[in-house]
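A short write-up of the structure that comes next.
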């Protein structure tokens, strides 16, 4: 108990303790509301994504951060500007959990059919037909795509890749934080 | 108060703030360089339609392919400024249809990594990708137009797109006799 610096907590009055807890909850809920607010503004379930593969190199490298916009569905009226060929979209294939960032190379739409897209990575030779669900030749814009890329920040997301690919780093990070708590005690 | 840790925290905080603002200014600076793209020629006068199989996928479906050659002269050097990572240039074909009324497919693309590689002069260039429709039928489509597009990828900031040079609608001819079959399936 003492080694973790928790003895400090015991000396706090209940009111102080509660306000500490409230503070912590405020920080968490602010972060959560910012994320969800951005999600509502962009109409995307995941408005910021980290690039995981090199299939769009040299445009995007692993760890780059992408900002998405998902209000360009163009579902009712084809003349309005919407998802175009050449845009870069992020999609989740139904039944698979990995978001893929690739460029739209074909688009087929009719009044009674959903907007069909075919995608391809700039750095890949073949298009993505083999990545799609079995028997599917095209993506459904509304059901599978979570947004089009509009903004780019390099490298910032690499931290998340490191943490998920090297689990020991998570332990190290927690260890350092624990150490700081002890060191910080005056 | 003035422990090593606090100092380190301050330095790191200052570093991220400065990095954030510099990145923001660099992203905004892209607005100072208006794009002035010159496209002199875009056109095609060499289209054939032939039946073939798509042998890169696990299907033996025979469908109609367009074999298309086009000309293009474009100067994209004005798109390169200090915040340009690459330019993705592509030619697309847009055509109407009955079930799918709104179709656009990329027939050729290239990545321009630097200003020195930003002039495109293509004479009777063959389409890079196979050109077939979602319905499998292509022959006799009226009002097929070619257009030239580009996508500017910044080092940091907003991705931008542009397009010019719509050709007048051309009509796809009827299906070639078996002589042209081999070429189409390639």
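Placement of Cβ uses the backbone N, Cα and C atoms for every residue, glycine included.
What Swiss-Prot records for this protein:
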type	residues	note
TOPO_DOM	A:1-20	topological domain 'Cytoplasmic'
TRANSMEM	A:21-41	transmembrane segment
TOPO_DOM	A:42-186	topological domain 'Lumenal'
ACT_SITE	A:55	active site, charge relay system
ACT_SITE	A:102	active site, charge relay system
ACT_SITE	A:128	active site, charge relay system
REGION	A:172-183	region 'C-terminal short (CTS) helix'
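Features recorded in Swiss-Prot, as mapped to the structure shown.
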residue : record                           : DSSP class
A:55    : active site, charge relay system : coil
A:102   : active site, charge relay system : strand
A:128   : active site, charge relay system : helix
Rounded to the nearest Å - Cα separation of residue A:55 (active site, charge relay system) and residue A:128 (active site, charge relay system): 11
Nearest-integer angstrom distance between the alpha carbons (Cα) of residue A:102 (active site, charge relay system) and residue A:128 (active site, charge relay system): 9
Residue with minimal Cβ packing [other Cβ atoms within 10 Å] among the active-site residues A:55, A:102, A:128: A:55
The region 'C-terminal short (CTS) helix' (A:172-183): DSSP-derived helix, strand, coil residue counts: 12 helix, 0 strand, 0 coil
